[in-house]
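Feature list (source: TrEMBL):
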ACT_SITE  Lys205  active site, proton donor
BINDING   Leu11, Gly12, Leu13, Gly14, Asn15, Val16, Gly17, Ser18  NADP(+) binding site
BINDING   Lys105  NADPH binding site
BINDING   Glu190  L-homoserine binding site
DOMAIN    354-428  domain 'ACT'
Amino acid sequence: MTEKAIGVAVLGLGNVGSEVARIIEESAPDLAARIGAPLELRGVAVRRVSDDRGLPVELLTDNVEELVSREDVDLVVEVMGPVEPARKAILTALEGGKSVVTANKALLAQSTGELAQAAERAHVDLYFEAAVAGAIPVIRPLTQSLAGDTVLRVAGIVNGTTNYILSEMSSTGADYSSALADASALGYAEADPTADVEGYDAAAKAAILASIAFHTRVTADDVYREGITKITPEDFDSAKALGCTIKLLSICERVTGSDGQQRVSARVYPALVPLSHPLANVNGAFNAVVVEAEAAGRLMFYGQGAGGAPTASAVMGDLVMAARNRVQGGRGPRESKYAQLPIAPMGIIQTRYYVSMTVTDRPGVLSSVAAEFAKRGVSIAEVRQESMADEGARIVVVTHRATDAALSETVAALADHDAVQEVNSVLRLEGTSE
Ligand code: NAP
């Protein structure tokens, strides 16, 4: 083992940072043996410096920039959270020749490459395994294990809050508001749940996954996004009748258009998933990611997608890799964006659909509704009349694969149809072989 210790600065001492600091201290001998040099915690950035934070107060600082610029700091772990000042701190660290490990998905998903380029110029590492799906190794399998394969699709449940809410709705019949209230009471949902329930968090992760899977820069703005706030208990009833459940999916796909051009599609939406599909059985706050690659076939990664200790596990994996690279004088794989595939417009994406509507209960309505689908080339696989209400009937249509553009036109026509009182929901159906 080399004698020279590797100095580590941790930015943030919250859920994740306090676990990272604990593991660095408690596992010091093992980490030193694995790395070939001891790790030494040189400073921890917080907003509130005080002597009740579980660490010697001399280690704490509220001056992030000063900490990441210190000469005795070799590696920086950023687990503070907001895009700023994290972005600036990471840039300062990289430009100063320090490798950086971050869990900041919001920052990475809006990055136009400036962080990766700074790491490149300084010949240091920028690792972010913890930014997607907490403890689950998915970034390294995509960037390293599958580096020689062609990834076709990455689809997963990468937001624990929404998965908890949807699992509750499915198992108890609760409506969205009560399931959200339960999630908040148990600490699974934040005071402002918008980033989770509107799909922003899942979209940030989809952008990161699509970028590395398809060697293309994809930002959160490129990701089509729908949240879960409009899902109703009736949608779950219909899903069950169809042998499905409902999950918020992040899907990243290589699509080939009718012009032969390959494009990248990244999208987040709640979808019906057959109960026989592996993702249907991922419940509560758990996450899972299914990767399909040309030669490898289908791979599934499953585990705890959030929480202080699970996320710290992923951060520590990156930290050990970066420290080893430093000891050995090399660096890990650099950012790979050579393919630069264009982003596919949502209109060309083909999936199956579930459309639920309330119609006037009179003869001929079903066939005139069906005609609206047929006119736009959307073929119907199944029609169910779900219930009779005083004011009409609820019917559910499940289609074969169709383009999003054709389905959107159909839904607009149905909304104007004189026998359709309301289009209640439109959801995609994913994970079937048809
Ligand atoms: P957290 O509990 O809110 O902790 C944030 C920490 O950063 C706190 O210690 C806070 O200091 C410090 N901090 C915030 N702004 C600061 C500033 N301007 N200067 C100095 N210190 C500052 O957050 P977390 O849950 O640990 O999450 C940290 C990061 O990991 C986020 O990017 C998050 O998206 C990501 N992440 C979290 C999870 C998870 O399950 N929690 C999972 C994956 C990724 P004070 O303590 O003094 O307020």
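Residue 1 is the first one shown; counting continues down the chain.
Every residue gets a Cβ built from N, Cα and C, even glycine.
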Of the recorded positions listed here (Lys105, Glu190, Lys205), which is spatially closest to Gly12 (NADP(+) binding site) when Cα positions are compared?
Lys105
With Lys205 (active site, proton donor) as the reference Cα, tell me which of the binding-site residues Leu11, Leu13, Gly17, Glu190 is the closest one.
Glu190
Check the DSSP secondary structure of Leu11 (NADP(+) binding site), expressed as helix, strand or coil.
strand
Over the span of the domain 'ACT' (354-428), count residues by DSSP class, listing helix, strand and coil in order.
24 helix, 35 strand, 16 coil
Where does the mean pLDDT land for the domain 'ACT' (354-428)?
92
Centre the Cβ atoms of Leu11, Gly12, Leu13, Gly14, Asn15, Val16, Gly17, Ser18, go out 8 Å, and tell me which other residues of that chain have a Cβ in range of the NADP(+) site.
Val10, Glu19, Val20, Ala21, Val79, Met80, Gly308
Under a threshold of 6 Å between Cβ and any atom of ligand 1, which of the recorded positions Gly12, Ser18, Glu190, Lys205 are retained?
Gly12
What is the Cβ neighbour count of Gly17 (NADP(+) binding site) at a 10 Å cut-off, with all protein chains included?
25
I need the CA-to-CA distance for Asn15 (NADP(+) binding site) versus Lys105 (NADPH binding site), whole Å please.
15
For Gly14 (NADP(+) binding site), write down the residues of its own chain that are at least 6 apart in sequence and whose Cβ falls under 8 Å from its Cβ; none is a fine answer.
Val79, Gly81, Gly308
Leu11 (NADP(+) binding site) to Lys105 (NADPH binding site), Cα to Cα, whole Å, comes out at 15
Let me spell it out: for each of the binding-site residues (Asn15, Ser18), count the other Cβ atoms within 10 Å of that residue's Cβ, using every protein chain shown. Which one has the most?
Ser18
